[in-house]
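**Student:** Mind looking over this structure? Questions follow.
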Amino acid sequence: MDLWQLLLTLAVAGSSDAFSGSEATPAVLVRASQSLQRVHPGLETNSSGKPKFTKCRSPELETFSCHWTDGVRHGLQSPGSIQLFYIRRSTQEWTQEWKECPDYVSAGENSCYFNSSYTSIWIPYCIKLTSNGGTVDQKCFSVEEIVQPDPPIGLNWTLLNISLTGIHADIQVRWEPPPNADVQKGWIVLEYELQYKEVNETQWKMMDPVLSTSVPVYSLRLDKEYEVRVRSRQRNSEKYGEFSEVLYVTLPQMSPFACEEDFRFPWFLIIIFGIFGLTVILFLLIFSKQQRIKMLILPPVPVPKIKGIDPDLLKEGKLEEVNTILAIHDNYKHEFYSDDSWVEFIELDIDDPDEKTEGSDTDRLLNNDHEKSLTILGAKEDDSGRTSCYEPDILETDFNANDVCDGTAEVAQPQRLKGEADLLCLDQKNQNNSPSNDAAPATQQPSVILAEENKPRPLIISGTDSTHQTAHTQLSNPSSLANIDFYAQVSDITPAGSVVLSPGQKNKAGISQCDMHLEVVSPCPANFIMDNAYFCEADAKKCIAMAPHVEVESRLAPSFNQEDIYITTESLTTTAGRSATAECAPSSEMPVPDYTSIHIVQSPQGLVLNATALPLPDKEFLSSCGYVSTDQLNKIMP
């Protein structure tokens, strides 16, 4: 191969000389010399025609040899005209005497051989070539730098194992170190490099250098033939020696199916097409279920909807139609608290005690021009027009102590004014006759009945005597009402829908006389409340038994209507008052409770107020009883 490259270079040089003449000849020769040096580094020529060193080599670190070239005019020179001289440094100084090569024959033509007698390690050498007495080339080195071991010998291989498929096998290659290298004694340490390839291949596969003389080779195909070679180098050196002879490895075919391994299953193509198919299917699913996937990932924002109302009305701004629809449905109606006196929210203006002593709200709000009806604590006004019945349970009894229902009697406006005047007159008489009133029996406490308005009203009566006594105390003791405000009227409605109560009318201490002298006195017991729309049979019997059998006609007494099924409170009051005296029985003074908290919310239109904690007398619980009909009352009445 080297000869053919040399001939090709010469042919190119000849063709270039033919075109460019004699001027191109030196340049062509230089290029040819460079090409030869690249092809074979050992072949070095001197363009000037002078000899030059090619290499110096020590195979075992005991001897070494150097080689050189003759030059271009080699044939014109006589043999022995080129000589080699060397010099070495002993200890710290170089010797001044140049010595000639000891052996020109042992290493071959154009070489000089230094045996062990002339070789010293760790000592620098300098050599030079002379021709006809003149120096043509010079080089300096040490022996350990030029070590290139001989190739290993005795290569062989052994089979380690065969794969389960019978296609691949593992072998181990062994060799012997170079015979002239004293490896056993450790004078030199060698590293080995193994290379292998299939027959008819050009690229060798190199394995990592090892210090041992055996290397395993894995995954060799049984139906192939391989070439193996080994070379060595001194440890920590970069120059390898010559390759060993090539070892041919032929593995027998152990399995009849080994040839099928040539046909490899196209896993790579299957994976590629599989991924492509899955991608296409995924895109098809996404496009086919686009809306559903969009709703799952990004759910739509719900449109505000009201049941029974078209959303287009809200978009177009037709608020009048929307309000009309809302007014039709009961669920959308707003509760107008201003129409009803019974509310769930009450706001009270609590004044300081100093302000209360200076003057109460009643003194500031009430005057002669604004007369309002006095509200008895036992009865609450209700302008809603709806009836209500409150039956609070007492001590887990089956029936309430007092059944409270709405009354149906209607009293004319003049009668209401006269009743208010009678109450004022009664308060004045209680002040004048306070010493004599103390002797009055408790069983003869009067019960004042007053119809406040023409509207039907709910009557809320507690089952204890404290509530009744409180009502009488508020009427009979004007001094206790000096700084007490009765919140019974609505003065304002807040934006939140709550109402603010204002004080009602109270008795004035300056009134000493009254225009109307009608006094209604009931001889019934204290625990019998005449304000009830209905009453028990036992209480009616007690009341009738205590009343004198004298019938006095009064212009305020309404007659019983025979068509009524039940007896009203007004009828019973009138009948009982015909035989009563004109004097009002006094009652003991007690603190008046201030109803400022809500006890029970009966309905959106009604509530029950709680009284503040007051010392209460012993409670007398009434047994439950039924209602008295008209026929039964006629039989009882005298």
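Cβ from N, Cα, C; glycine included.
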**Student:** Pick from 210-219, 260-269, 340-349, 420-429: which range has motif 'UbE motif' per Swiss-Prot?
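**Tutor:** Residues 340-349 are the ones Swiss-Prot records as motif 'UbE motif'.
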**Student:** Looking at 30-34, 240-244, 590-594, 600-604, I want to know which stretch Swiss-Prot calls motif 'WSXWS motif'.
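**Tutor:** Of 30-34, 240-244, 590-594, 600-604, Swiss-Prot gives motif 'WSXWS motif' for 240-244.
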**Student:** Scan N200, N610 for the residue that Swiss-Prot records as N-linked glycosylation site.
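**Tutor:** Among N200, N610, the one Swiss-Prot marks as N-linked glycosylation site is N200.
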**Student:** Looking at N46, N432, which one is marked N-linked glycosylation site in Swiss-Prot?
**Tutor:** N46
**Student:** So which range, 297-305, 405-413, 495-503, 576-584, gets flagged motif 'Box 1 motif' in Swiss-Prot?
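**Tutor:** Residues 297-305 are the ones Swiss-Prot records as motif 'Box 1 motif'.
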**Student:** So, in Swiss-Prot, which cysteine from C112, C126 is disulfide-paired with C101?
**Tutor:** C112
**Student:** Looking only at N115, N156, N161, the glycosylation sites on record, which one has the least crowded Cβ, with the fewest other Cβ atoms within 10 Å?
**Tutor:** N161
**Student:** Out of the glycosylation sites N156, N161, N200, give me the one sitting nearest to N115 (N-linked glycosylation site) by CA distance.
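**Tutor:** Closest candidate to N115 (N-linked glycosylation site), judged by Cα separation, is N156.
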**Student:** How many whole Å apart are the CA atoms of N200 (N-linked glycosylation site) and N161 (N-linked glycosylation site)?
**Tutor:** 25
**Student:** Over the topological domain 'Extracellular' (19-264), what does the predicted model average in pLDDT?
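**Tutor:** Per the prediction, mean pLDDT sits at 80 for the topological domain 'Extracellular' (19-264).
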**Student:** Please report the number of other Cβ atoms within 10 Å of the Cβ of N200 (N-linked glycosylation site).
**Tutor:** 7
